[in-house]
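K.L.:
My structure is below; once you've seen it, I'll send some questions.
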Amino acid sequence: MAISYNHSMSACQKIKTDQAMVRDRLKQSQSLIGLSHDEMVQALRSIGVPEHQTRMRVRQLWHWFYVRGVSSFDEMFNISKPMREMLKDNFSIAYPEIVEEQISKDGTYKWLLRFPARGAGKPVEIETVYIPGEGRGTLCVSSQVGCTLTCSFCYTGTQKLVRNLTAEEILLQLLFARNRLGDFPGKDKPDHSSLSEERRKITNIVMMGMGEPLYNFEAVKKALLIASDGDGLSLSKRRITLSTSGVVPEIIRAGEEIGVMLAVSLHAVCDSLRDVLVPINKKYPLSMLMEACRNYPGLSNAKRITFEYVMLKDVNDSLDDAKKLIKLLKGIPAKINLIPFNPWPGSHYECSDWEQIERFADVINRAGYASPIRMPRGRDILAACGNLKSTSERLRKSERLQLESMMGDDLSSI
C-alpha cells in the first residue's frame with residue numbers, strides 16, 4: 001500500500017504562523033543557493049565582507065551547502081559568529097516546504113514541494129520523484145511549473161505553464177531529497193525508509209520531471225553545472241541526463257555548454273504521428289531533430305543518446321514501426337527505452353500488450369541496439385513517467401477512483 005504524509009495539514013497553528021513569518025523574511029532576502037562562485041563573491045562583497053576574505057568565505061559556504069547539506073547558517077561552526085549573523089541578516093537558505101510525501105509500495109518516493117514566491121507572484125508547487133534501484137538511486141527533477149508542450153499522452157502536459165523554475169529551485173530539489181533521504185554526512189534517513197546505509201542514495205539525476213528543460217536553458221545549465229562541480233555535490237556528468245522533446249536549436253548548445261547525457265522523447269517514427277503525440281514536431285520535424293542528434297557534441301558509443309519511446313496500443317507499436325525506428329536512428333550511437341504507457345484520468349490511449357512490447361524490443365535488439373523495457377515505478381502514487389502534475393491541480397476523488405480502476409490489473413502484475 002502506498003503511504004502518504006500530508007505535512008501542511010498536520011502542522012500546528014503556531015508552527016504555521018512561525019513558518020509564515022520566516023517566509024515573509026525570505027521573500028526579502030537573497031538566497032545563496034544557485035549562485036555561481038563569482039556571483040557568490042559579488043554577493044558577499046555587497047554586504048561588506050572584506051575583499052581578502054571573500055574567496056575563502058565562498059569556499060566555506062560552498063562546502064556547507066553542497067558537501068554537508070546544511071540548511072542553516074548556525075550550523076556552519078568554522079565561520080565566526082559575527083560573520084554568521086551578517087549572513088543571516090542578509091541572505092537565506094530557503095529549502096522548500098513539503099506539502100505532501102508519498103511512498104509507493106515499490107519504494108518510489110514522490111514529494112509535492114512548495115517554493116516561496118520570491119517576487120514571482122504566489123508560491124508555486126512542483127513534484128519531484130526518487131526511484132531507488134539495485135546499486136543506484138535516481139532523482140527525477142522538474143525544470144518548470146507545468147509545461148507548454150501538450151504532448152497528447154502526457155499528464156503533465158495538461159497543466160498549463162505557470163513559470164520557469166530558477167537555478168536555485170532546481171538545485172533545491174536535489175538538496176532537499178538528499179537531506180530527506182539521509183544522503184548527506186551526518187544526516188539521518190527517514191524512520192520509514194528501507195534504503196541502504198552503505199551507499200549514496202542519489203547517484204543519478206534525470207531532468208525528466210515537469211517541464212521542458214531546454215525551454216529553461218540558462219537556469220538548467222546553471223543548476224547542472226553546480227550539481228556536477230567537483231568541490232560540491234560532485235555528480236558525474238555521465239550520471240546526469242537532460243531530456244528534451246526536441247528543442248532543436250538548444251540541443252547542440254546543451255552538449256557544448258552543459259555536457260551531460262542527452263535523452264530525446266521520440267515516441268513516433270513519422271512526422272504525421274509525432275505531430276499529434278509531440279506537437280513541437282510541427283516546428284522541429286524529425287529530419288531536423290535527427291540531424292541535431294547526429295551532431296551532439298561528444299556523441300560516441302560511450303556517450304550514447306537515449307531515445308524514449310512510449311508504447312501505445314495500435315498507435316506506434318507495430319513491428320513495422322520498430323523497423324522504421326531502426327532506420328531512423330541509423331548511424332546514431334543510441335539506446336532505446338521502451339516505456340509502457342502509464343494511464344491517467346482523461347487519457348485516450350492504452351498501453352501496448354506486454355507480448356507486443358517484447359516483440360518490438362526483440363526487433364530492435366536484433367539490429368544491435370539496447371532496448372530495455374522500463375518497468376513502471378510509482379504508478380500507485382502517480383509518480384510514473386508522464387504522470388507528474390502539481391497538486392495545485394489535484395485529482396478530484398472521482399478521477400482518483402477512475403485511475404485506480406484503470407490501473408488495477410496492471411499494478412497486480414508488476
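Each residue, glycine too, has its Cβ placed from N, Cα and C.
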K.L.:
Write down the one residue from Ser236, Ser243, Ser318 that Swiss-Prot lists together with Gly211, Glu212, Ser265, Leu266, His267, Asn342 as binding S-adenosyl-L-methionine.
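P.N.:
Matched candidate out of Ser236, Ser243, Ser318, per Swiss-Prot for S-adenosyl-L-methionine with Gly211, Glu212, Ser265, Leu266, His267, Asn342: Ser243.
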K.L.:
Measuring CA to CA, name the entry from the recorded positions Glu127, Cys140, Cys147, Cys151, Cys154 that ends up nearest Glu212 (S-adenosyl-L-methionine binding site).
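P.N.:
Spatially nearest to Glu212 (S-adenosyl-L-methionine binding site) by Cα position is Cys147.
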K.L.:
If I take every residue in the domain 'Radical SAM core' (133-380) and average their pLDDT values, what number comes out?
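P.N.:
In the predicted model, the domain 'Radical SAM core' (133-380) has a mean pLDDT of 91.
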K.L.:
According to DSSP, does Gly211 (S-adenosyl-L-methionine binding site) sit in a helix, a strand, or coil?
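P.N.:
Note: Gly211 (S-adenosyl-L-methionine binding site) is coil by DSSP, not helix or strand.
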K.L.:
Checking the recorded positions Glu127, Cys140, Cys147, Cys151, Cys154, which are within 10 Å of Gly211 (S-adenosyl-L-methionine binding site) at the Cα level?
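P.N.:
So far as Cα distances go, the recorded positions lying within 10 Å of Gly211 (S-adenosyl-L-methionine binding site) are Cys147.
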